Amino acid sequence: LVILVGNLLIIALILSDRDLHRPMYFFLCNLSSLEIFIATSIIPKTVASLLMGSKAISFPACITQCYFYFLLGTIEFVLLAVMSYDRYVAICYPLQYPMLMNSQLCVQLLLGSWTAGFLSTIVPTVLVVRLPFCNANHIDHFFCDSMLLIKLSCADTRTVELISFMTAVIILFGSLVMTAMSYLYIINTILRLPSASSRNKAFSTCSSHFTIVILGYGSCIFQYVLPSSHHTSYYKMVALINTMVTPLMSPFIFSLRNEQMKKALKVGL
């Protein structure tokens, strides 16, 4: 409920306040929508299993949950990279920012994020669906994770595992490299600003996004890219960060650390 209310409040503030009709908040509005969708694809079934005691899930429902979790997660990482590019243009080229980050480009970047998410998740999902599952039907997790589904198959899964691994590496490290390069240019520009107040203001506009980047990338790299030698309980704890902690913290991080969001919230209240 906190995730839903918090992120819906962010969306409502951005839509209702004309001062927030800017590229940065356009992407933030879509990020909050993704946080809602990700949490909704996992939490209701998990809560129902805890309350009702029945932890069974059908295979089609399991595949659907798995697909939407990775689709939305992939879109979110690409969108975080897009948001870092937006901050790079705003800080490094402030005079050209309105012209460079126009509404048409913002829509194209958003559509590109969704397209990248769809193309990178559809093939691994189809390969997992086509795998034969013989007897094992127990997943030691609180939702349907593709890596654990693959391990249940009684066929040779090396090709599926390789494609899934390469997809995760391309998406995670590709968007991470773009984000890191943007922040290197941002930090270099900020450090050359003449006044301390200007530097603090520039840092404050990036701190919220940077916090979410650290949470998201750190947990997913640990979970899907590094060797899986860690215990299952640690694997589930890391997944908990992606599915519940980050969507829960995101509204507070973006609202409490952003002066314009706090101003819009006061006006709304």
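Cβ coordinates are placed from backbone N, Cα and C, and glycine is handled just like the others.
TrEMBL does not curate its annotations; it predicts them automatically.
These figures come from a predicted structure and were not determined experimentally.
Annotated in TrEMBL:
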- 6-254: domain 'G-protein coupled receptors family 1 profile' (DOMAIN)
- 25-47: transmembrane segment (TRANSMEM)
- 67-85: transmembrane segment (TRANSMEM)
- 105-127: transmembrane segment (TRANSMEM)
- 162-186: transmembrane segment (TRANSMEM)
- 207-226: transmembrane segment (TRANSMEM)
- 238-256: transmembrane segment (TRANSMEM)
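Sequence-distant contacts of the transmembrane segment (25-47) (same chain, at least 6 residues past either end, Cβ-Cβ under 8 Å): 3-4, 7-8, 10-11, 14-15, 57, 61, 65, 68-69, 72-73, 75-76, 79-80, 82-83, 86, 106, 109-110, 142-143, 212, 242-244, 246-247, 250-251, 254. Cβ atoms under 8 Å from those of the transmembrane segment (162-186) belong to residues 74, 77-78, 80-81, 84-85, 87-88, 91-92, 116, 120-121, 123-124, 127, 146-147, 150, 202, 206, 210, 213, 217, 220-221, 224-225 of the same chain, restricted to positions at least 6 beyond its ends. The transmembrane segment (105-127) shares more Cβ pairs under 8 Å with 67-85 than with any other stretch in the list 67-85, 207-226, 238-256.
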